[in-house]
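Going by TrEMBL, these are the annotated features:
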DOMAIN    53-169  domain 'Endonuclease/exonuclease/phosphatase'
């Protein structure tokens, strides 16, 4: 991990792989919004990680913050995490009945921000209270939402609800399509290259380059340099 950031109370953290720049755009007790940029891939998008309060009144502050962020959003946007509320009674088993007012507040936030849920596979419930029998409660408290710009850029996104390990919440894995992935073309040696007047010179220049490695890696690196040279040669 080369980049990381956390929200104002240190309860939300985000880490990125090497190659991504992380810039904090907004931070509060219930959300952390960052801009992720990858220059080699010309990729730039926002991510908001949510850890909502259990109290419905305090969650109103979060809904207002998300609405404010949505109003100035000009890039693909992902919002995900623990929202601590369900959207309807079908997303809960056991415990007290679902309060319609809480669901409506959440729905209003999603609609006002013009967000859509990413389809998921796995268990429909992401949280378990750890009890059995009549005391058992399952809920879908965690989800990932995206704006229209993200949906247009990554039309085949999907979320995996992974098995719970060491937590009462199930981890979520977001997979996007490969629109921005750079695929390497396989190297093919063309026999007519040997007839070109500069063939031997290309081999010599790339093979004679000094490389400080062990013998096997040294040989592989030499071959790779020659392959790259001929790749440029035919282009």
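Every residue gets a Cβ built from N, Cα and C, even glycine.
For the domain 'Endonuclease/exonuclease/phosphatase' (53-169), the number of residues in each DSSP class (helix H, G, I; strand E, B; coil) is 41 helix, 27 strand, 49 coil. Looking only at the domain 'Endonuclease/exonuclease/phosphatase' (53-169), the predicted model's pLDDT averages out at 94.
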